[in-house]
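Feature annotation from TrEMBL assigns domain 'Glycosyltransferase RgtA/B/C/D-like' to 81-241. Look at TrEMBL and you will find 36-60, 101-123, 130-153, 179-211, 223-241, 274-293, 300-317, 323-340, 352-373 tagged as transmembrane segment.
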Amino acid sequence: MHHPNELLKGNNEPRLLDRLISSFSFNSSLNSSCGLLLLTSVIALSQFLLHLGAMGSYGFHQDELLYITLGDHLSWGYRETPPFIALMSIFGEWLFGDSLIGMRLIPAFFAGGIVHLTGLIVIRLGGKCFALLIGCITVAFSSAFLATGALFIPQVFDEFFWLLCTYLVLCYLQEPRNYLLYLLGVAIGVGILVKYTLSVYLVGVVLGLLLNRESRGLLSWKTFLIPFFIVLLILSPHMIWQVQNGFPAFLHLYELQHTQLVHVGRMDFVLQQIVSNGTGLFVWLGGLIYLLFSKKLRPYRYFATGFMLVMLVLLVFRGKAYYAFGAFPPLFAVGGIFFEDILRRSGREVKVSFVVFLLLPNLVLSLVVLPYLPIGYTSRVFKWTYDNWGLDFPLRWEDQKVHIVNQNYADMIGWEELAVKTSRFYKRMSTSDQRQTIIFAEGYGAAAAFTYYARKYPLPKVVSLSSSFAMWAPEKITAKNLIFFSSEATPVMPSQRYTKFASIDNPYSRVFGRGIFLVPNVKKVTLNWYASEWSEKRLMNFDFRVE
């Protein structure tokens, strides 16, 4: 087992080998920090190229469109998320304009950051080249981390800040310097502005530190007072916004719990944790076992307590599988050291075979996890898996029905078709009718799609009462005509004369078959319905007495 500070002492026993890949026993220069960081960079670059090859496929995910729209309404908070993703949207559009690939470069860079932080943890714990190779290829090419790093959504940023906080705690345990605590305060504050789930992980980290006598001595109120105020300073504008707006975060959590999470089966959650990292399962399990039973790793057991608390909380409250992904990279890092130690005396054939075993299946899976294949082929792969292995969760949507394609991919298809067909109809309207027409969209995906593609196609103003769009919606509708679209099979707008002028034809789209309607000469019953819905959804507050 490596001593945690072995790296600082250096390695004075150079070993001469012919080639890096031939034996996985490296000379002193390759085991130096520069050599290890170079290897980490090569792995991160390989992951980035894998992401790059699939970035332009399909189209924007409906969640990506929503988060881009949030950037057009910059605020200290939103109903469905803290403000970090909106800031990243503004930054991305400033750099790349309306480019689909440009926006997806940002999460790909953060995914590479996760690979680098995993490598730094391996180095800090005394791991050498083989340990770093195992830990980094696992996190780089895991199905879970390839998927979350492929889309402009908060998840990859969330994973990054979980890992950054873990790494800074590790640095402080090895070198107790105040600046590390200040950086930790910044990381925690910004991380919570990405997603609130970081808070749960941090509770597990603190519990792990308190359970260890050595690290417990470093914890004191005096030591953490300044970092605490840094966190408070960063979060205070968002907290004030929550109070002023009736705690939308609690309301969103309540709605999520009763509309989506209630359908998440606990056994499905466990199964997805087992399979989501592919062959990385063996690495993170090895890391977890090593953390729990190795005396030399006792100071870093908080990796395990953070992981276990997150799993317990999500299991009890029926969280989605990807909520927990940020807890895995530290286990991959320790798992790399675990296998480096147990395979130390093994021949090069065993080591090469083990790397191939970890890498090859995940690379094959990447062709489906990332949108490399045409959607029809991808659908057939998922169906084959369902028919032959009985795995239905890749095809099971939030409605708990098994569909022909993964929901993530269905959410990327059909939105531009929706905008094009609506714009085509809108351009055929007379100029006077165009001035008196708005789009009313049921569902944030459609509302965000109309808003985004209005930059490219002529479209009227978009109004929606879904998600954060309700906060920007007018109190009353004054338009004469509505172009109406619902993402749901059963629209909730009161029935009056609808004229269907188009529908979504792509069978792989979430909104396949949904009609696009013109509602001419909007009647009073519709106007009254809208005003009532606006009052309910725009002024909605969270009631702490709700059961």
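Start at 1 and count along the chain as shown; that gives each residue its number.
Just so you know, glycine gets a Cβ as well, placed from its N, Cα and C.
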Item to check | the transmembrane segment (179-211) vs the transmembrane segment (130-153): 3 or more CB pairs under 8 Å | outcome: no
Next on the checklist: Quick test of the contact rule: Cβ under 8 Å, at least six residues beyond the ends. What residues does that give for the transmembrane segment (300-317)?
Outcome noted: 4, 125, 166, 169-170, 173, 197, 200-209, 211-212, 215, 257, 261, 266, 269-270, 273, 287-288, 291-292, 323-324, 327-328, 330-331, 334
Checklist entry - Taking the transmembrane segment (352-373) as the reference, which of 101-123, 130-153, 223-241, 274-293, 323-340 gives the largest number of Cβ pairs under 8 angstroms? => result 130-153
Item to check | Leading stretch by Cβ pairs under 8 Å, where the reference is the transmembrane segment (130-153) and the options are 223-241, 274-293, 323-340 | outcome: 323-340
Checklist entry - Which bits of the chain, at least 6 residues beyond where the transmembrane segment (101-123) starts or stops, bring a Cβ under 8 A of a Cβ in it? => result 7, 33, 36-37, 39-41, 43-45, 47-48, 51-52, 55-56, 60, 64, 68, 88-89, 91-93, 95, 131-132, 135-136, 139-140, 145-146, 148-153, 156-157, 159-160, 163-164, 166-167, 170, 329-330, 332-334, 336-337
